[in-house]
Amino acid sequence: MKKSTIWILGIIMGLSFLSLLYLQVSYIEEMVKMRKEQFNTSVRNALFQVSKDVEYDETQRWLLEDITEAERRALAQSSSTTEQKNGLIQQSERYRFKSPDGTLYSEFELKMITTEPSKVPKAMISERHGRNTIPQTSRSLTDAIKNRYMYQRFLLDDVALRMIYKASDKSIGERVNFKKLDNYLKSNFINNGVELLYHFSVIDKDGREVYRCSDYEDGGSEDSYTQPLFQNDPPAKMSIVKVHFPGKKDYIFDSVSFMIPSMIFTIVLLITFIFTIYIVFRQKKLTEMKNDFINNMTHEFKTPISTISLAAQMLKDPAVGKSPQMFQHISGVINDETKRLRFQVEKVLQMSMFDRQKATLKMKELDANELITGVINTFALKVERYNGKITSNLEATNPVIFADEMHITNVIFNLMDNAVKYKKPEEDLVLNVRTWNEPGKLMISIQDNGIGIKKENLKKVFDKFYRVHTGNLHDVKGFGLGLAYVKKIIQDHKGTIRAESELNVGTKFIIALPLLKND
């Protein structure tokens with residue numbers, strides 16, 4: 001699959017996941033906003049009803065105290081008699097209706113007859129005397145009730161005016177029963193669906209706090225609500241109740257918490273998708289690097305095979321057989337190229353180490369200074385071939401480590417070989433090897449004056465198959481396994497390695513290995 005196709009699919013899927021995540025976040029934000037508005041509306045409705053309840057309570061208390069039986073009864077019962085005869089009970093009640101000036105307007109008698117078994121009363125009205133008939137008496141009763149209603153209305157208006165006048169002079173503590181106020185708050189909050197812990201306080205017209213509940217906590221204006229207790233009072237004399245909900249945020253969050261798992265699942269899918277795309281690109285890059293490796297490996301094998309083939313053909317020449325010196329020379333070439341080919345095969349076999357968790361190491365006590373000196377003596381001829389020089393500063397006073405001699409030797413050799421491969425064509429190679437001690441560690445540095453490494457490539461030099469060059473041209477011999485092998489061996493020895501480099505200046509590799517014994 002082409003890289004451009006992977007990018008297009010990745011962008012489409014990524015945008016789809018991001019859009020889905022954005023919609024979920026927007027939906028949660030809208031739900032939180034809606035729940036807040038719903039909560040605010042419910043609380044304000046409850047507080048408004050509390051205000052009405054408090055006003056009603058005060059009005060009822062005033063009416064019970066001030067209204068008296070001031071009006072006269074126009075309809076009064078004058079007498080009552082009871083007779084029992086032949087199993088019947090007869091009750092007679094006589095009523096007189098008087099006009100406002102006190103004169104007798106009409107009189108009638110109400111008789112009720114009850115039989116003992118059924119207890120069902122029977123009533124009839126008998127006219128005794130007066131100027132009016134029963135219909136006229138009924139009209140008189142209606143007028144009297146109407147007059148009584150008007151009187152009571154005027155009486156209530158008078159009481160209300162006096163109540164408002166006197167109430168404005170009383171303190172809020174005298175006007176409100178705080179225990180009842182708490183009950184009103186609780187019942188109205190429940191009626192409006194707000195079943196949440198609340199704290200409240202009462203503030204008088206001067207802004208002083210005259211009451212607060214025992215566990216009151218002021219959580220700021222966002223979670224607090226205020227409501228005038230007596231809305232008809234003048235603004236200068238108005239008292240308010242302040243209610244705070246300490247668990248409001250948790251209450252709002254709990255109402256939308258069912259969406260959180262869905263959003264988390266989407267985020268997990270997005271992360272998994274990103275990781276999958278990363279793996280796809282990494283595998284594609286690894287494939288390209290393997291192809292590059294095959295090209296380089298083919299070139300590395302082609303040269304010794306061609307040389308051996310040519311030498312084998314020369315041996316068929318009868319003239320070669322007659323010249324012992326020529327025969328010995330050709331045999332030496334075949335032997336050298338065979339060793340070279342075997343060495344390349346061994347390097348390819350190093351690939352299998354990267355598929356194992358840990359290499360098989362033959363650990364023993366080593367003097368790192370002596371080991372490095374031996375490698376330098378062997379490698380000096382190759383450096384001199386390029387008109388270079390190699391120096392050493394073996395300053396480590398405690399160079400003893402517990403390591404695999406063969407693998408550590410290969411590590412030093414590979415790092416020196418890299419210095420030769422990446423030397424500047426126009427300058428002579430200068431290679432320096434240094435050792436020193438740090439607490440509990442042996443430090444080894446190998447520094448050259450080669451072409452250097454770009455910063456963006458520096459962190460990749462230890463990757464398998466990675467080689468610092470342009471394109472797939474075989475400009476430097478090797479398979480791209482050397483530094484990956486070096487890093488793995490150092491890590492298997494519980495050490496660390498890092499690279500420091502500057503383009504066109506040189507590269508420095510620093511190795512830290514644990515000492516066998518601390519001084």
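Every residue gets a Cβ built from N, Cα and C, even glycine.
Model, not experiment: these values are computed from the prediction.
Swiss-Prot has this to say about the protein:
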DOMAIN    296-517  domain 'Histidine kinase'
MOD_RES   His299  phosphohistidine
TRANSMEM  5-25  transmembrane segment
TRANSMEM  260-280  transmembrane segment
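Listed by sequence, the residues of this chain that lie at least six past the ends of the transmembrane segment (5-25) yet keep a Cβ under 8 A from its Cβ atoms are 259, 262-263, 266-267, 269-270, 273-274, 277, 280-281, 284. Cβ neighbours within 10 Å of His299 (phosphohistidine), excluding its own Cβ and spanning all shown chains: 11. Per-residue pLDDT, averaged across the domain 'Histidine kinase' (296-517), gives 81.
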